[in-house]
Amino acid sequence: MAKFKIRPATASDCSDILRLIKELAKYEYMEDQVMLTEKDLLEDGFGEHPFYHCLIAEVPKEHWTPEGHSIVGFAMYYFTYDPWIGKLLYLEDFFVMSDYRGFGIGSEILKNLSQVAMKCRCSSMHFLVAEWNEPSINFYKRRGASDLSSEEGWRLFKIDKEYLLKMAAEE
């Protein structure tokens, strides 16, 4: 399959973006953790101050999925800032449906993301990969990615909403 198009997502793509988010979560054995709704995606990504940006991979009608979907991959990203090196593109989610892997779609999405990062004068692109996900780790390493957890010893933490509320209410 040589024909596919990578383009910025539009508000009308939110249902497909959510479908792919759920497919990615299932692939990562975390499907029960997706709480986001299509409405959330619409408000958070396509309002006056979007919290995220998204590229999608779209195939022509002759290559649609058996369920009739033309959108077969996506990359959700946002910009952040590192006080040591400046602007960063943070790749939050990146997924190509399994039947559409091996056709260069993922490589083209990553190329487009790299172009966005360079256009915005970002110093680097950061992202997380599950430790067990060797295919993705190898995909990124072949393109020059370095594993900061093993090379620099960084650990990722999170503070859930209940604890944010608790800290915010402290006097």
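Glycine is treated like the rest: Cβ placed from N, Cα and C.
Features of the protein shown, as given by Swiss-Prot:
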DOMAIN    4-170  domain 'N-acetyltransferase'
BINDING   Tyr27, Glu28, Glu92, His126, Phe127, Leu128, Glu152  substrate binding site
BINDING   94-96, 102-107, 133-136, 140-143  acetyl-CoA binding site
ACT_SITE  Tyr140  active site, proton donor
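Positions of Swiss-Prot features highlighted on the structure.
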| residue | record | DSSP (3 states) |
| --- | --- | --- |
| Tyr27 | substrate binding site | helix |
| Phe94 | acetyl-CoA binding site | strand |
| His126 | substrate binding site | strand |
| Asn133 | acetyl-CoA binding site | coil |
| Tyr140 | active site, proton donor | helix |
| Glu152 | substrate binding site | coil |
Per DSSP, three-state class assigned to Gly102 (acetyl-CoA binding site): coil
Glu28 (substrate binding site) to Asn133 (acetyl-CoA binding site) - Cα separation in whole Å: 8
Distant-in-sequence Cβ neighbours of Phe94 (acetyl-CoA binding site), under 8 Å, six or more positions away: Phe74, Ala75, Met76, Gly106, Ile109, Leu110, Phe127
Residues Tyr27, Glu28, Glu92, His126, Phe127, Leu128, Glu152 binding substrate per the record - widest CA separation, whole Å: 28
Proximal residue to Gly102 (acetyl-CoA binding site) among recorded positions Tyr27, His126, Leu128, Tyr140 (C-alpha distance): Tyr140
The domain 'N-acetyltransferase' (4-170) [mean pLDDT, rounded to integer]: 94
Fewest other Cβ within 10 angstroms of its own Cβ, chosen from the binding-site residues His126, Arg142: Arg142
Cβ-Cβ distance under 8 Å to Ile105 (acetyl-CoA binding site), same chain, at least six residues away: Phe4, Ile6, Ala57, Val72, Gly73, Val96
